[in-house]
Structure formats: structure tokens, C-alpha cells
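Q: Below is one structure. I have some questions about it.
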Amino acid sequence: MAFATRQFVRAASSDAATAAAKKLLIKHVTIIGGGLMGAGIAQVAAASGHTVVLVDQSDEILKKSTKGIEESLKRVTKKKFADKPEAGAEFIKKTLKNLTTSTDAASVVHSTDLVIEAIVENLEVKNELFKTLDKFAPEHTIFASNTSSLQITKMANATTRQDRFGGLHFFNPVPMMKLVEVIKTPMTSQKTFESLVDFSKAVGKSPVSCKDTPGFIVNRLLVPYMMEAVRLFERGDASKEDIDVAMKLGAGYPMGPFELLDYVGLDTSKYIIDGWHSLEPNNPLFAPSPLLNKLVEEKKLGKKTGEGFYKYK
């Protein structure tokens, strides 16, 4: 009898361990931030059958987000269902049915599997958000940030769920860009990491994994490349126009570095490089640029202000 009991206890313990190691099947997603990135993530999650709640500070912002998602879905269906307009209309209807909005994050995270943060790139603001949501979200809920430049580990440390915290860095525009960087901190559990990878695949993206290093993969290579182009121009070695042409025709890039800087926003690029410079002040790749600083000071931020390195009508 004792043998049978021991066998039962061992079997029960084994079953519990297996259950604990199982990946979380993410069905319900809460996205904080109704801007371009947050709305884009909400769209692809809802389109792939997930129940999605999009959260922002006001109904006005959320109405604008929802309208943007509807317009984006119409563009998608024109290509995806070119010969089947009825199927396209049904796709839009089903996607929007999966999406709701809220201005109260704390009240909607109680039943969510995954929280994705896509708010302003400010560590203190993000940490305050995660600290608050940590009190209301269920134990199983995974937290993720869509940050492109801040340390995931610092955000995870603002919560009690460091093992259920990672990065999900989507790219703009989210419905079109296939890549997602899945970031694993030293505390992220394998179960959490695999759940985030599976979610990325479920929303139709191609995930790549990276440790919590500044800029992850893409921006760690891209931002120093753009900054080196600025330094090349600052030294008078080549014009910005010739640098752009050279990289488009010589390297096959769709945009030159100055065109890309203007597209991204010079303030965004400055914010990233300043943050990295503070982390690694002796790294020449992260050295600030006097010209970039000057343009940002003059509010010449790129396409969004009508002028950056180039002028726009």
C-alpha cells in the first residue's frame, strides 16, 4: 500500500511539474496604448482570432485608433480578398468583433493572458504602469513591452512577475512588417519565452529571439549605422544626398540613412542614442551627434514637422 501511495504521489508530482512547464496558450490580449504601434498590434491580434482589449487614456483617442484599424483592414482586404469582396467584408466584421476598447486598464487585465505595453518611451512611466497592472492581473498573465530601446529587465523589476515578463518588439507598420523581436531577460522563464514566440507566430509574424541588450538586433545595428552616416556628413566626406543614393544603389536598401532618419523622427533617434550613450559613455558607436542635436533643438524632426535633414511640402 505504501508503495502504491508513493507511486501515486510521484505520478501526481510529475503531472504537476508537466503542467507547470506547459506553455501558456494566449487567447485574451490587452494592449496598452492606442497609437500607431498599439493599434497595429491590436489589429493583427484581433485578425488572428484573439480577443483583444485596446486601452488608452480617452475615448477620443480610442475612436481615432479604431477608425485607423478599420481603414487599415480595408487596405488589407483589397489585397487579400481582391476577388472575394464578400469574404473581405466578413473578415473585417469578424476582426472588429474581436476588438473592444477601454480607458481603465486595471479593470480589464483581470482576465487577460497577455498585456502588451505600447506607450511613450519613458522608463518611469512604463514602470509605473506595470507596477499598477501587476496588482490586478492574474498570476498566469504575461507582461511584455514593445519598447525599441529601453531595458526590459528594468521594467520587469518593477513587478513581482519577473519570470513572466519579456519583450515583444513589433515594427511599424505592424500589419505589413513580418518581424517581431522576442526579448528574453535573465529572469524570463522558458515557458514565458516559448509562449511569446508562439503568440508571435499566431499573429502571422516571424519571431527572432534576442537577449536584453540595447536596441536588441535591428536597432542595435540600424541606429549606429544611421549615426555613422550623420558623422560622415558632419566631417564633409560626402553629401547626405550621395550617402542616401550610395546605400540604396550599393547596398540595396529601400531608403537611405537620412531618408530613414527623417521617416523615424530625429527626436526619436536622438532619444535612443542619448539613452545608450548614458549606459555606455565610452562606446564610440553611441556618441551623440552635434548636428542631430541642433536639428532637434530647432524642432526640425523630419517628415512629421515638414523638415529634418530634408524639406517636405
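Placement of Cβ uses the backbone N, Cα and C atoms for every residue, glycine included.
Curation does not apply to TrEMBL; its annotations are automatic.
Residues or ranges marked as NAD(+) binding site in TrEMBL: Gly33, Gly34, Gly35, Leu36, Met37, Gly38, Asp56, Glu121, Lys126, Ser148, Asn172, Lys304. According to TrEMBL, the feature CoA binding site maps to Ser72, Lys79, Ser148. What TrEMBL records for 28-213 is domain '3-hydroxyacyl-CoA dehydrogenase NAD binding'. TrEMBL lists 215-312 with the feature domain '3-hydroxyacyl-CoA dehydrogenase C-terminal'. The site 'Important for catalytic activity' feature in TrEMBL is assigned to His169.
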Q: According to DSSP, how is the domain '3-hydroxyacyl-CoA dehydrogenase C-terminal' (215-312) divided among helix, strand and coil residues?
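A: Breakdown, helix to coil: 64 helix, 3 strand, 31 coil.
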Q: If you measure from the C-alpha of Ser148 (CoA binding site), which of the recorded positions Met37, Asp56, His169 fall inside 10 Å?
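A: Within 10 Å Cα-Cα: His169.
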Q: Cα distance, His169 (site 'Important for catalytic activity') to Gly33 (NAD(+) binding site), nearest Å?
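A: Cα-Cα, rounded: 14 Å.
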Q: What is the separation, in Å, between the Cα atoms of Asp56 (NAD(+) binding site) and His169 (site 'Important for catalytic activity')?
A: 19
Q: Among Gly33, Gly35, all listed as binding-site residues, which has the most CB atoms within 10 Å of its CB?
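A: Answer returned by the neighbour count: Gly33.
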Q: Between Lys79, Lys126, His169, which of the recorded positions has its C-beta surrounded by the fewest other C-beta atoms within 10 Å?
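A: Comparing Cβ neighbour counts within 10 Å for the recorded positions Lys79, Lys126, His169 gives Lys79.
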Q: Could you measure between Met37 (NAD(+) binding site) and His169 (site 'Important for catalytic activity') for me? Cα positions, answer in whole angstrom.
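A: With distance taken Cα to Cα, His169 (site 'Important for catalytic activity') is 10 Å from Met37 (NAD(+) binding site).
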Q: If one looks at the chain holding Asn172 (NAD(+) binding site), which residues at least 6 apart in sequence have a CB under 8 angstroms from its CB?
A: Leu36, Met37, Gly40
Q: How far is it from Ser72 (CoA binding site) to Lys126 (NAD(+) binding site), counting Cα to Cα, in Å?
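A: Pair distance, Cα basis, whole Å: 27 Å.
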Q: What number of additional C-beta atoms lies within 10 angstroms of the C-beta atom of Asp56 (NAD(+) binding site)?
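A: Neighbour count, Cβ to Cβ under the 10 Å cut-off: 24.
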